[in-house]
Amino acid sequence: MDNPQALPLFLLLASLVGILTLRASSGLQQTNFSSAFSSDSKSSSQGLGVEVPSIKPPSWKVPDQFLDSKASAGISDSSWFPEALSSNMSGSFWSNVSAEGQDLSPVSPFSETPGSEVFPDISDPQVPAKDPKPSFTVKTPASNISTQVSHTKLSVEAPDSKFSPDDMDLKLSAQSPESKFSAETHSAASFPQQVGGPLAVLVGTTIRLPLVPIPNPGPPTSLVVWRRGSKVLAAGGLGPGAPLISLDPAHRDHLRFDQARGVLELASAQLDDAGVYTAEVIRAGVSQQTHEFTVGVYEPLPQLSVQPKAPETEEGAAELRLRCLGWGPGRGELSWSRDGRALEAAESEGAETPRMRSEGDQLLIVRPVRSDHARYTCRVRSPFGHREAAADVSVFYGPDPPTITVSSDRDAAPARFVTAGSNVTLRCAAASRPPADITWSLADPAEAAVPAGSRLLLPAVGPGHAGTYACLAANPRTGRRRRSLLNLTVADLPPGAPQCSVEGGPGDRSLRFRCSWPGGAPAASLQFQGLPEGIRAGPVSSVLLAAVPAHPRLSGVPITCLARHLVATRTCTVTPEAPREVLLHPLVAETRLGEAEVALEASGCPPPSRASWAREGRPLAPGGGSRLRLSQDGRKLHIGNFSLDWDLGNYSVLCSGALGAGGDQITLIGPSISSWRLQRARDAAVLTWDVERGALISSFEIQAWPDGPALGRTSTYRDWVSLLILGPQERSAVVPLPPRNPGTWTFRILPILGGQPGTPSQSRVYRAGPTLSHGAIAGIVLGSLLGLALLAVLLLLCICCLCRFRGKTPEKKKHPSTLVPVVTPSEKKMHSVTPVEISWPLDLKVPLEDHSSTRAYQAQTPVQLSL
């Protein structure tokens, strides 16, 4: 009987034996799955030295072969009882959980090795591939054992049970080798079998697939069947003496089945050995467990290179292909990136025909563009590391149409124009790879030396530099040429600023407004704003005139002239006003020769009014070489070399025009002081003074005499000492004195006009008194307060006595020499009057001005009161 025919017969016999064994032992043992087992001892792990609480269910034994793992918490399989079957439980099975800190043996499917970037030497040919799914934990309430379980596929089947993976509420927590383990077991769930994640092995190495935990070989006997896909590789009983039922003839040479532990090994792995391996554990037909292993077989990482090594193409070409040499099937996963960014997902996602796509070991770039100029990298990655190779792709293009830009050291917007005299720079740029060669064609054909390059400098441009400039760009790689033109405009701003004025027309019946800004290239455009409707206000070049009928409503209305030029836009404003509050102000200035120049300025006389000047009622005729002259607008009269003997007197001005008239007059007098005061300060003297409106003064001299002049003695100018010289606008001065011995000082103020002294002020004497100390000041304050207190007490006593005297009625006879009563009450209250007796003769030093008054005047003679 061959192996395929013997396998079903063996399965049937194993099921019958398991059922009979189960029924025979159902009355001998009972297990309460809802009770919790407490651990009363600790067992030391053989490999790690970890203390694990031992769990002692009745008559459980752990075979010696299960203790080979480095850290184990073993729980023997229990027999199945009818009580358990009647409660919808197919039975419980216990598994060995092996852990070694956080790392297991290299061949264990549970081990998880972090993937490194490059593995030039592979020391372990079999490593678990990274599992992107997170691990889960299983917790059983009774056994108080915990460990970390990686992701695995596990199915448990029992013909007579209602067990499902949803019934398990399991949690296993991985701890360090020195930590303690605890586990709890639910009464309604059995401990699950577990396997590791996907395995990765190199070609020629051994694939080892273990069963973890190792099934209990005790009765009933377990049957293990290994498959790859639907093909049976090996089948046999689990245990040292169990028969081997089947072994795949095609893999007999390199296939080994360890029946003691259920481990399947395939030596000299090839690429076609990759796939999903399944292990089925059948125990007498009562339960069935399925373990799945995903195995990947890889060749060693190859040496890579990209061909061509320096790829070049032009923008708009049909295609460009890059090949990753050294890669082949089974050598890992191939991917492409551009400047470190993955290409496949970004380029092909959502595109019907992606412009970049991978075809085998090649990268195809359809219709390359300039942005494809980058560094391309092919990368091969496997669980054993990765390798990569790169190449720089050059995409030539251009030139694009050149762009000419203008910059000037004076102009903010030179693209429209540049001002004459400025330094102008022309720059030409054209997008091109490789960079394009730039040449210029100037507007001036007489210019022979034209420099090559992207920048053209035009220093101090003038009208001759205006015109058209051409920039030519040529790509030496593609052979293409492009040309662009620029029209350069050179503008010359008119000098100065626009000037506005208004004057009266003939007979003061109209107002004539004028705006001018001559010169410049091109000429400025002038236009009035604010004129009444119907008046022509421009625009006109250079000079603009406008006549408006005179009307009082024009007074105070600003008229603006807007002057536009290529370089700048400027304005000037004139406001016609009627004369109002005309006032003359004298101004004094001193020349270098010491002469005084007096100017009379008329305020409140705006244009279009005209000023007419007169002295003592006679019109003045300035000019003609005389000392009198007028300002340009006629509102200021200048009198040169002013003389106190000839030029003093009355001056007047009359402002008249189309909008009204007004005037003012002033009397010019020599320098003098109208009044002044001398105040005392600490270690200083303070002087303040005033002058009259028409007084002409160019400076003030503060003069002093240290000891003061004798009474009746006349003093000259030389006897006084000048302490300070102040300007004509000053009206006060502070003169510091010696702090220790200030003494007696005599001060006066001398006004001066040019070099001509005026009338000095009256002299005042400054006497410095003794300065009180802080103690004296405090004594004065305290004495004042005490005096006020005594005065208040005396006043209170007087009030009390007065109230007492008023309460008594005197019955004494009237004295014949009684004076007028102090208080004159009405006739009905004569009993309250107190007479005053004075000894004669009475010498009154206070005159009695009004005898009818009710006031009583106090005399210096003794006064006797009748009580």
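For all residues, glycine too, the Cβ spot is worked out from N, Cα and C.
Range with Swiss-Prot annotation region 'Disordered', chosen from 602-627, 810-835, is 602-627. Per Swiss-Prot, Cys471 makes its disulfide bond with Cys428 among Cys428, Cys515. Counting other Cβ atoms within 10 Å of each Cβ, the glycosylation sites Asn423, Asn487, Asn641, Asn650 show the lowest value at Asn487.
Put simply, Asn423 (N-linked glycosylation site) is 51 Å from Asn641 (N-linked glycosylation site) when counted between their Cα atoms. According to DSSP, the region 'Disordered' (602-627) comprises 0 helix, 10 strand, 16 coil. When the Cα atoms are compared, Asn423 (N-linked glycosylation site) and Asn487 (N-linked glycosylation site) turn out to be 17 Å apart. For the domain 'Ig-like C2-type 1' (302-394), residue counts in helix, strand and coil come to 8 helix, 49 strand, 36 coil, using DSSP. Under the DSSP three-state reduction, Asn650 (N-linked glycosylation site) is assigned to strand.
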